[in-house]
Amino acid sequence: MIYQAKTLQVKQLANGIAELSFCAPASVNKLDLHTLESLDKALDALAADSSVKGLLLSSDKEAFIVGADITEFLGLFAKPEAELDEWLQFANRIFNKLEDLPFPTLSALKGHTLGGGCECVLATDFRIGDATTSIGLPETKLGIMPGFGGTVRLPRLIGADSAMEIITQGKACRAEEALKVGLLDAIVDSDKLIDSAITTLTQAIEEKLDWQKRRQQKTSALTLSKLEAMMSFTMAKGMVAQVAGKHYPAPMTSVVTIEEAARLPRDAALDIERKHFIKLAKSTEAQALVGIFLNDQYIKGLAKQSAKAASQDTQHAAVLGAGIMGGGIAYQSALKGVPVLMKDIAPHSLELGMTEAAKLLNKQLERGKIDGFKMAGILASITPSLHYAGIDQADVIVEAVVENPKVKAAVLSEVEGLVDTETILTSNTSTIPINLLAKSLKRPQNFCGMHFFNPVHRMPLVEIIRGEHTSEDTINRVVAYAAKMGKSPIVVNDCPGFFVNRVLFPYFAGFSLLMRDGANFTEIDKVMERQFGWPMGPAYLLDVVGIDTAHHAQAVMAEGFPTRMAKSGREAIDALYEAKKFGQKNGSGFYQYTVDKKGKPKKAFSDDVLAILAPVCGAPQSFDPQTLIERTMIPMINEVVLCLEEGIIASAQEADMALVYGLGFPPFRGGVFRYLDTIGIANYVAMAEKYADLGALYQVPQLLKNMAQQGTSFYSAQQVSAL
């Protein structure tokens, strides 16, 4: 043994070849601080051993290295710039040391080789992998960019254009693509990976392969003419500006970094990379996006805990109520391997549900995600039925009938009598209290809410609503089932609107108050989309939700929270509802909708709506963008904080992920609690108090006032991952 540490070891093989194997005691290998320090010492030991003629890098895991340890990021990023610079220099010295070893080096890859793992193997002379290999640099998805030499070595290895595509998109290349672009030198069978690696290294040691020429290419300047460089970088900047936009600076910064370093040798190029990395690491976007990653891990950790604690796994499911929503739920369950009975009283609804499932599967087929055999198998695992035969096989039943409390209660009560005492019943509802529906059941402990978002196949969030009598095992089993479906389940306590709709309607109320005061709805949409970063402004979102749906939900919220959410008079939603302008669903709401060539609704403004809205709108008045943002967001932010204060949602992490996954809250802002930390809670309190005269929705919760006085925040700089 040449060197041994907790997460890696170096041993001597035959013919002067040494093997450095990453072997962390955890389920995956990560390039955390400890592993980097161990790698540094291992490379020193190798350089000092004159018997070593070649080095093989390998892994004892299914994945080579999944990347750096992201749980360390926020703590590192919070350090002074000088300390961050030192850390990056330390890491780069290690990879330079690997690249500069006086003998050939090769990485034998399998599974994921991502982020810092990819940057590590870029420092070796050769890379071979098996068919499972996936190699890439996902850092821009976290608001940062490669910082261990990725922007320097990758363009010199595979060319600037291919490198910029991989880096700016945060893309991982599968084995065949990696071979095509030059990231891999060969793909071999898994059982021959190490033997092939040794053969290749032996050829390099015997100088049958020119490893020094390869190394020279990676440590020199890029070989681009001035014209080639101008065309390449101009085109890349144009593409990135169009796709990433101004709220996500990391992709553009990556292009600028590669451009600035193009004519420099390795060490000077690494200085450029380090400078830009530090700037991104200190950005609020990076804090938010890294925070989202960690929060997502937290949610997954909670789901794993629930699955472990659950009394049984869900092997069979049932959906009551077909149509688009029922079909979407059935599709998602079947796709992830849980057969499902889809029951409805109307043949045309069953047909619609099966058509929806088939349509979604056809899209998967067209994209090459599944083959025809797999598609047929998934469709066969959805059983449409007009009767309850087979319902007793279901471990979890999702009721998804019409949004009417009497109908839902009747269906739930009926099906409860047909299943055994272990079966879990859930209701897919957006507005009906779970405690109300539970009154119709003999076993309310086996019942909870399971609120899917539309379209089911695309929206990651499922709200799991705990009723007054819901047992912990019911919650655990339903959370585990939602996770098995590939969803992000978040548990909330029962209240009108649950969490997502409860916090959404104050946002709509702020929008309505602005219109009452003379603001133009198209201007509000423009500001909330382009400046704040919502995928849709409030008027557009109301059209997509459906004006009729929103009108009904608004009444539910007003009844549930009369102090804050009761209307003071007719509003824009009322005017459109009365005019039967229901939004996208019937082609007319705030905007007019026509179907484009792809069958998607396209919106356009029409003056016709102004006459309908005139009675509920004040005289036209101009507001600056910041005022529009503040007046729409403060009611939502206050309500989110109240939900945490009241225990409707358990943590800031879960609330922020529910907002991002359920409402499309701008990821670069990280959710309401991350946003509050970013702008400063004391600053928020002072800002919100300027609008106190607008009513109860604008009253700052006591929790925020206390935190402002104490100078505390929701997230500490050293945020750790879950569980």
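Indices start at 1 and increase along the chain as displayed.
Positions of Cβ are set from backbone N, Cα and C atoms, glycine also.
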Same NAD(+) site per Swiss-Prot - residue from ASN295, ASN362, ASN454 joining MET325, ASP344, VAL401, VAL402, GLU403, LYS408, SER430: ASN454
According to Swiss-Prot, ASN501, TYR661 bind substrate; which one of ASP271, ASP296, ASP313 is listed for that same site? ASP296
Express in Å, rounded to the nearest integer, the largest CA to CA distance found among the substrate-binding residues ASP296, ASN501, TYR661 named in the record. 21
For ASN454 (NAD(+) binding site), the three-state DSSP class is coil
Which one is closest to GLU139 (site 'Important for catalytic activity') in space, judged by CA to CA distance, out of the binding-site residues MET325, ASP344, ASN454? ASN454
Please give the maximum pairwise Cα distance, in Å and rounded to a whole number, for the NAD(+)-binding set MET325, ASP344, VAL401, VAL402, GLU403, LYS408, SER430, ASN454. 20
Tell me the Cβ neighbour count for ASN501 (substrate binding site), meaning other Cβ atoms within 10 Å of its Cβ, over all protein chains shown. 21
TYR661 (substrate binding site) sits from ASN454 (NAD(+) binding site) (Cα to Cα, rounded, in Å) at a distance of 12
Average the pLDDT scores across the region 'Enoyl-CoA hydratase/isomerase' (1-189) and report the rounded value. 97
Residues that sit under 8 angstroms from LYS408 (NAD(+) binding site) by C-beta distance, when 6+ apart in the chain: GLU399, VAL401, VAL402, SER427, THR429, ILE432, LEU437
Quick one: Cα separation, SER430 (NAD(+) binding site) versus TYR661 (substrate binding site), in Å? 16
